[in-house]
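Data first, discussion second: the structure below is written as structure tokens.
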Amino acid sequence: MDRFKICFLAAILSLIQLGFAFYLPGSYPHKYEVGDYLNVKVNSLTSIETEMPFSYYSLPFCQPPEGIKDSAENLGELLMGDRIENSPYRFKMFKNESEIFLCQTEKLSGDGFKLLKKRIDEMYQVNPMLDNLPAIRYTKKDGYVLRWTGYPVGIKVQDVYYVFNHLKFKVLVHKYEEAANVARVMGTGDAAEVIPTMGKDKDSDVPGYMVVGFEVVPCSFAHNGDSTKKLKMYERYTTPIKCDSTSVSMSVKEGQSIVFSYEVSFEESDIKWPSRWDAYLKMEGSKVHWFSILNSLMVITFLAGIVLVIFLRTVRRDLTRYEELDKEAQAQMNEELSGWKLVVGDVFRAPSNPSLLCVMVGDGVQILGMAVVTILFAALGFMSPASRGTLITGMLFFYMILGIAAGYVAVRLWRTIGCGEHRGWMSVAWKAACFFPGIAFLILTTLNFLLWGSHSTGAIPFSLFVILILLWFCISVPLTLIGGYFGAKAPHIEFPVRTNQIPREIPAQKYPSWLLVLGAGTLPFGTLFIELFFIMSSIWMGRVYYVFGFLFVVMILLVVVCAEVSLVLTYMHLCVEDYKWWWKSFFASGSVAIYIFIYSINYLVFDLKSLSGPVSATLYLGYSLFMVLAIMLATGTVGFLSSFWFVHYLFSSVKLD
């Protein structure tokens, strides 16, 4: 019950704080005086081979003397599988220490030995953190310096398993600057620090330092077990410890204990507080991002030229000729007409499954709005990776708020298709509130059972499941119904032409129209696939993605391409007297999701080929399916709304008796 209360409080605070607080890298530095204790925390163990996080203390590591304590977690961290806990590693500000004995574990049991070997085989990483900065590790390969966050649990060399039991920490510090203070507070997984800016602090004259860097070098060192039996935690080891990252010596054996130790050095750095995340966020491959945008612009220009031709040459010319004729000539011309002008009495005929179309368009507006607002806020710096979980929390918050838009669009479109009919709007609003969240809930519940069975920290706790359901039915659903109410009260969009009672027969087509619709998704995919690689690497390879400025531009370009593609396809179908454009306009741009899913499978086979086990592959495909469904609804909505506007504009220019 206490766990439920803590999770519920974290969820509410996470959503409330988005309304009034924000965090930019460097917002609230913590001043440490010389000799102050610095406590290292640890996040979940992670691996790119399994994609399943596990608790740090699931392996035989040293435990802190005060016991294991969870840090404050927001809703986004819980959904991401982060479990931040305290650790026994502690330093004193600006005091170098070496050969510090930490603990000697109990003798490894058979099960403990097998689990440790399994985690080493699966390349699990330990993720320590200091002052909210993840530990960074530098390695050299082929003359290049590579950056990694965290360090491996161990390594296997010639069928022998070695564990990294000695850590060499380096803490980069910068002199405390009073001007860096900002009177804002926001939880980032650690306890929030209140930094006053009005007046002088009573200790402002005492020299202090800020943590601006945290590096780690893992070593495997064979300690003398007999000499450590009488040592207590944090006492000095009796003999010097040589930390050589290029060699290993502490092998892991069943029935043998492991001795852990560490050393720490402090170094004053020129790195200032606002720049301390640069080492993590350093954007690589910026030329590739620019190439992605240039590629998108080329596709847009090509499609814009086609649209321009349709509007200026074809549509305008036909309308001008049609309007200049007298009634008798028009009647005679109607007998000779072909193409879109012949379907004038059927073009606004209600589609099959109109309520489903309205629900999908409404949910698409909600997802698209959430994505645009979230990425815009992230691009402006309001959702820094330093504020763990804020991006996920923000997405959930904006999604719930935009339920009003989903209900409004779905119900108003329903009334438009029904020519102003009010009946059934409540049912449409309910379906819009439950369609996408229901499918997402089904997928995530299935995947969560797999994570529960694996005892992974990535599994959403049952208490959090209850909270998500409460947020869904107590906030999202009512807001969607309110939006539906306003949609029912708003005037429906009147069709410019009357619909005939008897539907017109569609001529036989030379090729299946759906084939063209599915093929149209290649153009939006062409604008997205380069940026998609960086996003997938961020999600599945543990790389930091913070080029939201590029992502926002690419997203806007994607919206433009989807609108143009759907518009062109709709015009082509009308020209061959196919007036069933409603669903085809939706899937013309929404079919990009099919190619993204195919790309996801390709990424799994060629880039995540080390992914081990059917559970990991199922998790990957399940999350990919969830992502693809959201993309299909968002892009399909863009295509449908642009086509609806085009068809309405086109036939409103035709004069009929």
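Placed from the backbone N, Cα and C atoms, the Cβ positions cover glycine too.
The signal peptide annotation in TrEMBL covers 1-21.
Residues or ranges marked as transmembrane segment by TrEMBL: 290-312 (among others).
The annotation transmembrane segment is assigned in TrEMBL to 356-383 (among others).
With a threshold of 8 Å between CB atoms, the same-chain residues lying at least 6 positions outside the transmembrane segment (389-411) that come near it are 14-15, 18, 23, 73-80, 82, 188-189, 358-359, 361-363, 365-367, 369-371, 373-374, 377-378, 382-383, 425, 428-429, 431-433, 471, 475-477, 479-488, 490. Here TrEMBL flags 389-411 (among others) as transmembrane segment.
Look at TrEMBL and you will find 432-452 (among others) tagged as transmembrane segment.
When Cβ-Cβ distances below 8 Å are used as the criterion, the transmembrane segment (464-488) is approached by residues 4, 7-8, 11, 15, 75, 78-79, 396, 399-401, 403-412, 414-415, 422, 425-426, 428-430, 432-434, 437, 441, 445, 448 of the same chain, each at least six residues removed from its ends. The transmembrane segment annotation in TrEMBL covers 464-488 (among others).
Per TrEMBL, transmembrane segment is recorded for 514-540 (among others). Non-local neighbours of the transmembrane segment (514-540) in the same chain are 48, 51, 285, 288-289, 291-292, 295-296, 299-300, 303, 547, 550-551, 554, 557-558, 561-562, 565-566, 569, 572, 584, 587-596, 599-600, 603, 607-608, 620, 635; each lies 6+ residues outside the stretch with a CB under 8 Å from one of its CB atoms.
The annotation transmembrane segment is assigned in TrEMBL to 546-569 (among others).
Residues or ranges marked as transmembrane segment in TrEMBL: 581-605 (among others). Long-range contacts of the transmembrane segment (581-605) within its own chain (CB-CB distance under 8 A, at least 6 residues past either end) are made by residues 347, 351-352, 357, 360-361, 513-514, 517-522, 524-525, 528-529, 532-533, 536, 540, 562-563, 565-566, 569-570, 573-574, 611, 617, 620-621, 624-625, 627-629, 631-633, 635-640, 642-644, 647.
A Cβ distance under 8 Å defines the sequence-distant neighbours of the transmembrane segment (625-651), meaning residues of its chain 6+ beyond its ends; these are 315, 340, 344, 347-348, 357, 360-361, 363-365, 367-368, 371, 436, 439-440, 443-444, 493, 495-497, 524, 558-559, 562-567, 569-571, 574, 581-582, 585-594, 596-597, 600. What TrEMBL lists as transmembrane segment is 625-651 (among others).
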